[in-house]
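Peer 1: First the structure, which I've put down as structure tokens, then a few questions once you've had a look.
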Amino acid sequence: MSSTPEAETMECGISSSKVHDSKTNTTYGIIHNSINGTDTTLFDTFPDSTDNAEVTGDVDDVKTESSPESQSEDLSPFGNDGNESPETVTDIDAVSAVRMQYNIVSSLPPGSEGYIYVCTKRGDNTKRKVIVKAVTGGKTLGSEIDILKKMSHRSIIRLVHAYRWKSTVCMVMPKYKCDLFTYIDIMGPLPLNQIITIERGLLGALAYIHEKGIIHRDVKTENIFLDKPENVVLGDFGAACKLDEHTDKPKCYGWSGTLETNSPELLALDPYCTKTDIWSAGLVLFEMSVKNITFFGKQVNGSGSQLRSIIRCLQVHPLEFPQNNSTNLCKHFKQYAIQLRHPYAIPQIIRKSGMTMDLEYAIAKMLTFDQEFRPSAQDILMLPLFTKEPADALYTITAAHM
């Protein structure tokens, strides 16, 4: 990674700009994993809620009576073994697969892996809406299904059903009223009681998956879904990876997630661990508190530019860099450190935002530049911000606000 500054200087800004992914033509960007070929998936806004649905344990094979070509293939049990070359998905292929079991109500903008639909289950008189994601081959989706099948937490999106028809895998999940990005855009900055409730749910989800040896790697407001603040879930596990040997020692797991919300160590291609999710969750906490104000400028030209923007806007002190000078962060970016505040003091961009002391302290701890000193999700949940009970009044999303 080059340490030469880009021609254009990034400035701290008040407008949020997600990185554009030209490969998928979606609004919010994805960084593709160059090591294992895994792509992340973007969900879209879910404008309605769904009640609890039964979770099936396996991926079903859907067979038809028309011809042998229409019969499904075994997923063994969640995805192909990597030897099959995924076919190219067309909208017709995806629609045909979805309609084997669901009625399509509407379609959402496609993500990097395939197509996303709002559906109702055939024969379900309740007309409960769900989200069906359809992708050919099932290689990447199979990993996401495998992870979600083992999750059971109130703040993690549930896998309702998964099945395969021909070469298309369909993954069914509950449909929520909106994502957190949309909720903040409509309501934000949020009241403190809502901020605490939502972030507590997110941290609970992260503590749960980290205990199970999973790193999410793409925690952001667009991947958090809710009906109301006390009913929030973390979704989109398309970028998630499993820890090697179930240890949280930093390792090189590849570059994945969203450039704007990645941790410094991930941006620098240094070894990382579950603490990378804590950094991203800290940005979520900040975004809920201040709405559109971010640490980043109006354009992001790459990981180097992003890191320099973080260092500048957070006024990262040289002593806050990793003690290991062989890391990419030290070798290429320590030269941009700023001695405008004491080491580990709360950055001015947080302090001047008018937050409560408990809130700004929690954000500052989560945005600790060196992952070695960044607290875990369980540690954050023990801070005064989350151990104090918030006010009882909680806002419920209604159609009038959507």
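The backbone N, Cα and C atoms fix where each Cβ goes, and this holds for glycine too.
Remember, it's a predicted structure, so these values are computed and weren't measured experimentally.
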Peer 1: Can you dig out which of the ranges 1-21, 22-42 Swiss-Prot describes as region 'Disordered'?
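Peer 2: Going through 1-21, 22-42 one by one, Swiss-Prot gives region 'Disordered' for 1-21.
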Peer 1: Going by DSSP, is Asp218 (active site, proton acceptor) part of a helix, a strand, or coil?
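Peer 2: Note: Asp218 (active site, proton acceptor) is coil by DSSP, not helix or strand.
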Peer 1: Whole-number Å distance between the CA of Gly114 (ATP binding site) and the CA of Asp218 (active site, proton acceptor)?
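Peer 2: So the Cα of Asp218 (active site, proton acceptor) lies 18 Å away from that of Gly114 (ATP binding site).
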